[in-house]
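> Let me begin by handing over the structure; questions about it come next.
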Amino acid sequence: MPSSYLHCFFFVALLLSEVCGNRVGDSGRYPLVVSTWPFVEAVRAAWTAVDHGLSAVDAVVEGCSACEELRCDGTVGPGGSPDENGETTIDALVMDGVMMEVGAVAAMKYVKDGIKAAKLVMQHTQHTLLVGEPASAFAISMGLPGPTNLSSPESINKWTKWKEDLCQPNFRKNVLSVDSCGPYHPKDTANSCAQANPVGTIESSPARVGLHSHDTIAMAVIDKMGFIAVGTSTNGAAFKIPGRVGDGPIAGSSAYADNDVGACGATGDGDVMMRFLPCYQVVESMRRGMEPKLAAEDAILRIAQKYPDFVGALFAVNKEGEHAGACHGWTFQYSVRSMEMEEVEVFTVRPSTVSMST
Ligand code: SD4
C-alpha cells in the first residue's frame, strides 16, 4: 500500500482512537527534528513544516531542500564539491520508516534538487535508486527544473586550485601516473607504462573525506502522529573519481528509519562507512533495547576497530525522542528541535564520547 494511503489510514485511526480515549501519537514528545551539523536553518524549515502538520517525509524534504538552497557548508546542493573533472554531482535519499519505502539518486548531474528527486523516485517508481544522467533525465521528466549547470565560482576555484596542486590529494591508490593528474595505470601492470614513460611516475597521496568540510545533511523527523522519516543530501567527496557514489544514497548507511524503533543519520567517510551500514546497525541495536547513545557509539567503534583513521559521525534517535551522537576522528555537532525547545539546539560530541539528550 503506498505510504500516502497508509498515512490517511493512520490519520483516520488516530481520530477514532482519540474519540475512544486511546490516542496514539501526538504524545507531547513529537514532533521532533534531528540533523547532522549545525544546519540550523534546515532544522527550522523541517520544524515549521512538521509543526504545521506535514508528514515526516514531507518535513524531511523541506529541511534537506533548505540546506540544498543554502548550499550548507558549500557541500550540499549545487555549486559544491567538484569531482576530478570539476563537476558537481548530488547524492540524496529519503526513507519512510512506516513501510520502509526508499527513494534515492546518486551521482546525479544537472538537477539541483537532490532530495526532491529522491522523493520522486520513492513516490513514482518501484525502484529504490537511480544513478547518473538517467537519474537527472528522470527528475527533469517528472517536473524538476533542469538541466542546470551545478558548478559555481567557488567549486570552479576549488577545482582550479586542486589542479594547480597537481591533483593532490586524490582518491587513487596503487596507481602510477606519468603526470600526477593522470592518466593513471594500475601499479602492477604499470611497468610497461613506466618503461614507456620512464620519467616522472608519481604515486598519489590519499584524500580523506570530510575532515575540513561537512558534506552531508542527514535528517530525521518524527511527525505529530509519531511517523518517522529520514533524508540525506550531499555533493559527496571533493575530488572524487567521476562515477563515485558515497554513502549518502545508501539506506542503512547514511540514514535509516523504522517506525517501530527510531532513526539514524550519518556523515563522514562514506567510502568506509557504507561497508558497515552503521545506521542499520544503530536502529537494530535500539530495536534490541540499546539506548541511542550506546547504539551510536557501538556502530562507530565497530568501524574504528577496522579503520582506526576513519573520520565519521552519526546521531541516533529512538521513538521516545531520546537522541545521542557518536563520532571518530573529528568533533561532531548535531542539531535538534523538539517540543521542549524554544529554538533549535546544537549538541557537540567529542570523539569517543557521546552527547545524550535529557
Ligand atoms: C560521502 N558521507 O559522500 C559523504 C560525505 C560526508 O562529511 O558526509 N562528509 O562520503
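Heads up, the Cβ atoms here are built off N, Cα and C, so glycines get one too.
Pasting the relevant annotations from TrEMBL:
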SIGNAL    1-21  signal peptide
ACT_SITE  T216  active site, nucleophile
BINDING   R244, V245, G246, D247, T267, G268, D269, G270  substrate binding site
> Based on Cβ atoms within 10 Å, give me the single least packed residue among the binding-site residues G246, G268.
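Output over binding-site residues G246, G268: least Cβ neighbours within 10 Å is G246.
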> Cβ under 6 Å from an atom of ligand 1: which of these recorded positions qualify? The list is T216, V245, G246, T267.
T216, G246, T267
> Give the number of CB atoms, excluding that of T267 (substrate binding site) itself, located within 10 Å of its CB.
31
> Given R244 (substrate binding site) and the residue listed as 'active site, nucleophile', what distance in Å do their CA atoms have, once rounded to a whole number?
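Distance between the two Cα atoms comes out at 15 Å.
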> Does anything in the same chain, at least 6 positions from V245 (substrate binding site), have a Cβ under 8 Å from its Cβ, and if so what?
D91, A106, A107, V131, G236
> Tell me the coarse DSSP state (helix, strand, coil) of G270 (substrate binding site).
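Looking at the DSSP assignment, G270 (substrate binding site) belongs to a helix.
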> Which secondary structure state does DSSP assign to D247 (substrate binding site), in the simple three-class scheme?
coil
> Considering the binding-site residues D247, D269, which residue's Cβ sits among the greatest number of other Cβ atoms within 10 Å?
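Answer by Cβ density within 10 Å: D247.
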> With every protein chain in view, how many other Cβ atoms are within 10 Å of the Cβ of R244 (substrate binding site)?
18
> So which of the recorded positions is most packed in, judged by how many other Cβ atoms lie within 10 Å of its Cβ, out of T216, G270?
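That would be T216, with the most Cβ atoms nearby.
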